[in-house]
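Annotated in Swiss-Prot:
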- Arg18: site 'Transition state stabilizer' (SITE)
- Tyr23: active site, proton acceptor (ACT_SITE)
- Asn75, His81, Asp88, Ile102, Ser103, Arg112: substrate binding site (BINDING)
- His101: active site, proton donor (ACT_SITE)
Amino acid sequence: MKKILVINGPNLNLLGIREKDIYGSTNYNKLLEIISKKANELNLNTLFFQSNHEGEIIDRIHKALDENIDGIIINPGAYTHYSYAIHDAIKAVNIPTIEVHISNIYAREEFRKRSVIAPACVGQISGFGIKSYIIALYALKEILG
């Protein structure tokens, strides 16, 4: 069974509470439950990590090497737009990574329309609500074989 690490960045722990018109009403724990259920159906094992701190996210990406993680799904939150350190960590571990976003970042404020993370990833999925994570699971399943 392939191991998929799902990393969620700043403020994603507040899903279902913050800006429901943008991020929906599903809370964070329910999101993890939905992802786990679909991953099991796809014969994928998921591990979850959430942090509001850039360094902790980088450390978790590095730790993925020791755990023989096969793929990463990352929603870097606001770090999407300026964290070259997370970009570099993804490049360093060389694990297929998909960047996801609940909202369509290209239909939002100007500063949100640029990702410095996406160029380090095999792909980016944006704008499908929490289904963005499910689409990413299908994509990684295909990529990993």
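Placement of Cβ uses the backbone N, Cα and C atoms for every residue, glycine included.
The residue listed as 'active site, proton donor' falls within a strand when secondary structure is assigned with DSSP. Asn75 (substrate binding site) has His101 nearby among the recorded positions Arg18, Tyr23, His101, counting only those with a Cα within 10 angstroms of its own Cα. Just so you know, of the recorded positions Arg18, His81, His101, Arg112, the Cβ with the fewest other Cβ atoms around it within 10 Å is the one at Arg18. The subset of binding-site residues (His81, Asp88, Arg112) lying with their Cα within 10 Å of the Cα of the residue listed as 'active site, proton acceptor' is empty, i.e. none. Note: the CA-CA distance between Asp88 (substrate binding site) and His101 (active site, proton donor) rounds to 19 Å. With the fewest other C-beta atoms within 10 Å around its C-beta, Ser103 stands out among the binding-site residues Asn75, Ser103.
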